[in-house]
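Note sheet for the following structure.
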Amino acid sequence: MSGSLNDDSFHQDLQPRANNVSDYLSHQLQPPPPPPRRPRGFAATAAAIGQTTSTASATGGKAKREREKEKERTKLRERHRRAITSRILAGLRQYGNFPLPSRADMNDVLAALAREAGWVVEANGTTYRHSTPPSQSQEAAFPVRSGESPISSGSFKSCSIKAALDCQPSVHRIDESLSPASLDSVVITERDAKNEKYAALSPLNSAHCLEDQLIQDIRPRENESQFRGTPYVPVYVMLSIGFINNFCLLIDPDGVRQELSHLKALNVDGVIVDCWWGIIEAWNPQKYVWSGYRDLFNIIREFKLKLQVVMAFHACEGTESGDAYINLPQWVLEIGKENPDIFFTDREGRRNEDCLSWGIDKERVLRGRTGMEVYFDFMRSFHTEFNDLFAEGFVSAIEVGLGVSGELKYPSFSKRIGWSYPGIGEFQCYDKYLQQSLRKAAGLRGHSFWARGPDNSGQYNSRPHESGFFCERGDYDSYYGRFFLQWYAQMLIDHVDNVLSLASLVFEETKFIVKIPAVYWWYKTSSHAAELTAGFYNPSNQDGYSPVLDVLKKHSVIVKLVCSGMPVTGQEVDDALADPESLSWQILNSAWDRGLAVAGENSLSCYDREGHMRIIDMAKPRNDPDRHRFSFFAYRQQPADLIQGAACFPELDYFIKCMHGEIVDDLVPC
């Protein structure tokens, strides 16, 4: 208002209308009569700014809300698109036997369809027929000449003749009896000299028809040449445990030779043998019996196969093929009757007798020895007994068992106690020795009331959303939850560090192997509940495998990852939110980034072509600029299946040759 009073022109305009001071002031206090005159000067600018600011604020808030809504709609569309893509890829892998990589995109899908149709697709996308050298131009790679058709029933045999006629009216008949080579130049009958017109309509000149032909030409076979010349990955096969009885005697040498002859015919590189603590030191502490293993190793040497040995400090629950249950040593079980806290214990007080608790690693509760001393004495006895085999290089590596099933994990998924897939499992930290460690850690942290396990973590077969600890925004991410999970995981890390330190003193230059489990169910949840109970602090906001791999890097071990090899169905994704591929690649990439050697091992049920192809894609990642690959692959195959013919020899032969990077010819799938 002051600005308008100082404006001369504004005064000159209003002065004639006021007869006195009162009229002038009243006129100033009232709005001007219509039509209003636009104010000028400072007041006009201030008013405009105020009005613009309020309008912009309202408009901006509305626009921001619209942008947020559009972002949410975009996220929903993207999730829907990804779900459809995932189902398409899963269907191609499961029903079409397509060897798609774990992180396939549409280029991989098109390349796989083209290869299934008999085409060659190079890494840079160049695509051509087998009969045409890749150096020729693309026009020369797809010739269309008068009297000839580029259609090869060797590559488009599954494409219906009707589809071909729709795109190429001049094609009257394709002789199915012709060989693939001769069909490359099949002659077609022309009609009314319309060569030019029909050549333009050739399927290879029609993108739409080419896509139809590629999609229709889905046959249950693999392009064998795709693994020709790839890096050589040795394959070891695990021998049965049934050849050595509980008195460490070789009970079936003829059966061993029969199995090894089968394996030799398949051109495997070596075998893996479990040396069971419960057999070798079964009856008395520090009384080791190796006679059966000496006989077994001598037979393996006859076949000139390499040997990997597993230091099996765990019990064996037996297998479907009828292998006997192998307990821990009897003298250990007797100690356990008096002091059951030497075993892992859940919240309900149930003991797991498959392996010793890590809480006694430094406790002298095993007839005057600690857990670490028991492991060290066993490994030293093995090295002393078979020093000659180490000297001649017959033993190529030692796998050190670090938990139940020989895997680095807590026994949180015990079927004997009642667990079934996809339960989250239970924490195994309630024996008195681990509880002492927890109390000490809580005291050092300054929160002694944290010296307890979570009381809302559910049961073995619970789902994450059913527990207050593992649910979305649950207690796993609270101050107490983070403290407990870090301590729980650190106990696992300390155990592997201590055992490998002793193993390096015994075996010196020998390579060590550590097996990492594949706990892939509930991987798509925030908490990763199953991994947490297994000892890997790997929620969505934490990398739980890096600290473990750092310790393994310290000891220069070979990381052996269990590969599921089996596709995850849509039902499994919905029920268990499982993602084995993402978990595997998280571990593989983290290990390779640290320069660690990586190996693989298949699950027991992986015998089909699709499972093999998934494993091969993981063992030899395509388009990897660093050319990473597995150091070897351990094939879990029950010898009873090999001898009785339950295993599919062509499939296994195909798998081994692909791992070796050899040419595969005329393999008939089972």
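Including glycine, each Cβ sits where the backbone N, Cα and C put it.
Annotations in TrEMBL come from automatic prediction, not curation.
Computed from a predicted structure; not experimentally measured.
Taken from TrEMBL as is:
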ACT_SITE  GLU407  active site, proton donor
ACT_SITE  GLU601  active site, proton acceptor
COMPBIAS  17-29  compositional bias 'Polar residues'
COMPBIAS  41-61  compositional bias 'Low complexity'
COMPBIAS  63-75  compositional bias 'Basic and acidic residues'
COMPBIAS  128-139  compositional bias 'Polar residues'
DOMAIN    61-208  domain 'BES1/BZR1 plant transcription factor N-terminal'
REGION    1-78  region 'Disordered'
REGION    128-154  region 'Disordered'
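Burial estimate for the active-site residues (GLU407, GLU601): highest at GLU601, by number of other CB atoms within 10 Å. Taken residue by residue, the compositional bias 'Basic and acidic residues' (63-75) breaks down under DSSP into 13 helix, 0 strand, 0 coil. Cα of GLU407 (active site, proton donor) to Cα of GLU601 (active site, proton acceptor): a distance of 12 Å.
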